[in-house]
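K.L.:
Summarising the annotation, Swiss-Prot assigns substrate binding site to ASP37, 59-61, 91-100, TYR217, ARG235. Swiss-Prot lists LYS93 with the feature active site, proton donor.
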Amino acid sequence: MSTKSYTSRAETHASPVASKLLRLMDEKKTNLCASLDVRSTDELLKLVETLGPYICLLKTHVDILDDFSYEGTVVPLKALAEKYKFLIFEDRKFADIGNTVKLQYTSGVYRIAEWSDITNAHGVTGAGIVAGLKQGAQEVTKEPRGLLMLAELSSKGSLAHGEYTKGTVDIAKSDKDFVIGFIAQNDMGGREEGFDWLIMTPGVGLDDKGDALGQQYRTVDEVVSGGSDIIIVGRGLFAKGRDPKVEGERYRNAGWEAYQKRISAPH
């Protein structure tokens, strides 16, 4: 895992998106990504307004929104990202052949490539998925874009492990500046070959151990000491009975303390 500071990694990173993200993480002293799965734009924007100061990244699933529109959802979301200095990650989990994902990424109702700094993909269809998404981004925007590969998942019984994970890491090596890292539970190596992948970890909870649908939670310390750079927290921030402001600050502090511990530990 990386024991360097976020800023020093930003200075040498091959990806403009990763560099930007690492810099703002240090500036805001946060490695918290808020995962906000809500059904209305109004609810989403209200939560972002509250959590914005505490996060480095916002993870969305815009296809859950009942009232999505480019003008009504994306435009105000981008304004909040600018105001609070965080990036946007649409958790689309692309999983088709190159040409299809290119169209899914750039077209349709959501036009993800136009507004989402980061997206992600499964490795199941091979390296063509990376090439297709990169081409899509280049065709519709001059803004830098980044891709995360899904190497490991936090759900019980996930098939993403062993040879599958290894194959996904090999696919990530096909494009150093577009593939910025992984959704994973552990460090994915690569440093000796010149890669500095960002590891983003879902299934992080300070209070809960899991849910009835197979989600399994791990503690902030556990994931950061294991190599995670960004903790992804969803219901822990805004579930019923929780105050998003209080929880945002709590998770931000816990994540930052764990990161400080990691970079200052004797190596």
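Cβ atoms here come from the backbone N, Cα and C positions, even for glycine.
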K.L.:
Using all protein chains shown, find which of the binding-site residues ALA95, ILE97 scores highest when you count other CB atoms within 10 A of its CB.
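P.N.:
Counting Cβ neighbours within 10 Å, the top one is ALA95.
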K.L.:
Fewest neighbouring Cβ atoms within 10 Å: which of the binding-site residues ASP37, ASP91?
P.N.:
ASP37
K.L.:
Run through the Cβ atoms and count how many others sit within 10 Å of the one on ASN99 (substrate binding site).
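P.N.:
Result for ASN99 (substrate binding site): 13 neighbouring Cβ atoms inside 10 Å.
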K.L.:
Mind giving me a neighbour count for THR60 (substrate binding site)? Other Cβ atoms within 10 Å of its Cβ, every protein chain shown.
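P.N.:
Excluding its own Cβ, the number within 10 Å is 27.
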